[in-house]
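The feature transmembrane segment is assigned by Swiss-Prot to 13-33, 36-56, 79-99, 112-132, 151-171, 201-221, 241-261, 267-287, with sequence analysis given as support.
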């Protein structure tokens, strides 16, 4: 199958270029693709904003734990017929509480607590999904790998609400969050609400993960959160520039990934992730080569 697909890939490319520009506009005329593009662009935009702060606060591992911790919440919510977003959000909040509890009540470090909770919740989620699929004969693998082409109008509405909440928080608390991100001790000294900022930010991380999960699934969601932010940090000179760059990269990669997935009939989630990773490595090699050249001129 793989050899056959690779053999037909050049033919598909030639077929696309031989047709008019209307072939590229076709996906935008389909309702399910329109919803997919909107969800993907919102997820990428939020991931770029939230991911920049995640990188600077060195919370990448914690975000990975949260992304996998939502799995049992999704499974339980599906079983009881309640909105999946509530189950996922509750599971992520519980995971953060347990991580902080283990860290404060024992001599274990935070990364150890994160690893324990990450493995426990993910294992529980896989077990619950297996049991549910066996009893109800339904396919829940889209929790793991995403199902952006199966987006409903309700999903679009919930995602728009989440976008509004997150943007409202960042607009109203940007200066406080920026101060806390770069110097938590000074932020506490001048009387900023540290606990509120940290707790609210983690909840918004969970909401961003839930939105992104629709696009690329639980397993790959960390890549969408981290890679655009890391790319922005490579070339950014200020926090505002990093946020802007990572958001533009995330949105561009999401758009191009979904378009390529439709044109070549390949999964959209992995395609988006691979494009973001490719851009990161290209910029990394260019910047690294430039730095090496500069260093060689200094000596």
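Each Cβ is built from the backbone N, Cα and C atoms, and glycine gets one as well.
Computed from a predicted structure; not experimentally measured.
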Interface-richest range of 36-56, 79-99, 112-132, 151-171 toward the transmembrane segment (201-221), CB pairs under 8 Å: 36-56
Spatial neighbours of the transmembrane segment (151-171) far in sequence, C-beta under 8 Å, 6+ residues away: 32, 35-36, 38-39, 42-43, 45-46, 49-50, 83, 85, 177, 200, 204, 207-208, 210-211, 214
